[in-house]
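Remarks on the structure that follows.
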């Protein structure tokens, strides 16, 4: 019998696929298109099996769809700009470009060894000029549309990485890259106006039934739509108003102080001379605190009175104005009307500073002791002048209407979403295509002059300013408008800009006069199946949706959502932890391939758990899958020996065992298709293969003269089903079956409904609901015949009793009711 030698087989068939260009996708085809895409990786080093899971899931989908007759686009690339390359370059004294490209070469080799069916002709690398030229083009299109702008403001600053971070890149007050506590800094920065698309981004989520609900919820929460009112509170003794936003205008009669964020310019504008020193000391103290922790419900509430009062426009009461540590400058207007009776944080602050607590909402049923804790729910308005007795929902409406009529404010919709900060003070990123001219001001680089090349001979140690500042050659240029002296923008773009459109570039990766051909992109997009980690739910997915919508509105795309269906895979853990070099728990795919072969690795990754769930790597588990693969291989070659033997007995006749085994074969084919199409249940699909292999083993061991016709059908069907999961051994088996085609180009097998029909049925016999026996009847037996057989079978339990009713549940049981 032929021995299973995975490394030989895998190398052989990978060579054949490459030589015959099997996975190169034609741009157009009579076939229906299918775009299968996995999130491209950051090339930070070698892959571990946790990364491989993503690619194997994508490969099953691509291979399955190809076998179903689709024209499949299945590309790959690298998100190659970013801080880790720069930090590694600093640590190892190697240029980021070399470090990145060396890593890419290693990763590419690893992926090819796993047998992933990528069209390598479409590979994109975001740090190459032919890619970032078009990232710069995206920037210019947003700039022309008024969606890219520069403004000064407070930004998140990582002292270790020496760069600005978007809000989304701050986790619990720390840099998500290095874990350093984030501080505040005032800088002029470039932004994309994603807030203009807040409503479109929300609305689009309702048109994505193929996305997991939890991902859509995360995006909705991040966008954070709130409906309420903006209200102006005049400052007593000044020609100045403080505008606040509130979702609860029904509580306005309960305002007892105003609170302003420490970062707001209003603080120093309003503070009186006698309070200035105390306020400045407070601001200095708060600047050292974690902004995200200080604004949490649990954090200690602190502030300083500014020495001024505001006037409540509805009551004309004077209320003190404080700077308070629990107010975030970025949310709403950076100032709030504080209603301690109905907000926990305001309540805590009021208790600390002995401020009044005035109840203006009571529960619909019963009373509430406001001295014990605030009442934060909706209810009935009290102590609210003409609005007393109104339910909160009606009160919100009426108070808003009143302030609009009186000119105190207006109805307003606010979003938690802030504009996307894209400037980075680092080297390894796409240069921003802008020049500054003393005469013309800010001037965009013309499209014909792209790319603005990233110079290679640059000192990139972090100093707090962009390393490009130190490159005289890069910095000095001429103004595209007037031809006079000018200097380039020295900051680079956030790498999320690179990844916000890469799925478009795969369609025309080698096009040099435009980023993509509109007709081609509109044929292939949106992506039919996108696969990646849930950690990208907010950042990458939100930004990609935004850029797609902008390009749609500018007329470049006919679609406005990039990803039709989204699947988020679970992580692979080892020893209870996410795999990482620092924890020493990394499992290398190379080691597994050298020991077991790529097909075993693929099968184990898919078998260990439902693909959307996290799973624990287990060496005994991969051993078990390897044993199954060898048993399947041995059964297959036993079948080939039988088929190729001179024994002509039993060629056409199917006995009971043959019919039963064929039924199980077609039941497996049916189930595996349902498993793949019904939520990527690859683990249960493989379990189905294992179960059938056991049934096949029993047949081969216990049948003296196995049926060749049936075995030939089994050999063909099983290897076709195996093909997406273990493609190398499937190719070898297919070839040894005498086939001249490649199995990757074959059709997925369909089950035969006739084969699923039972010749006989086993019917459970019950008496008054208790099982009393079983009967075997012909599958075409009538109901009357089955009932009669059941009564006969249960004879001894019916003696001396009267049959009241006989109930037949088709194909399952007969229940005889007696008394």
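From the backbone N, Cα and C atoms, a Cβ is placed for every residue, glycine too.
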Residues flagged as motif ''KMSKS' region' in Swiss-Prot, choosing from 573-577, 578-582, 583-587, 588-592: 578-582
Of the residue ranges 19-29, 30-40, 41-51, 52-62, the one that Swiss-Prot records as motif ''HIGH' region': 41-51
The motif ''HIGH' region' (41-51), counted residue by residue under DSSP: helix, strand, coil: 3 helix, 0 strand, 8 coil
Counts by DSSP class (helix H/G/I, strand E/B, coil) across the motif ''KMSKS' region' (578-582): 2 helix, 1 strand, 2 coil
Surrounding CB atoms that lie within 10 Å of the CB of residue 581 (ATP binding site), all protein chains: 11
Average pLDDT across the motif ''HIGH' region' (41-51), rounded to a whole number: 90
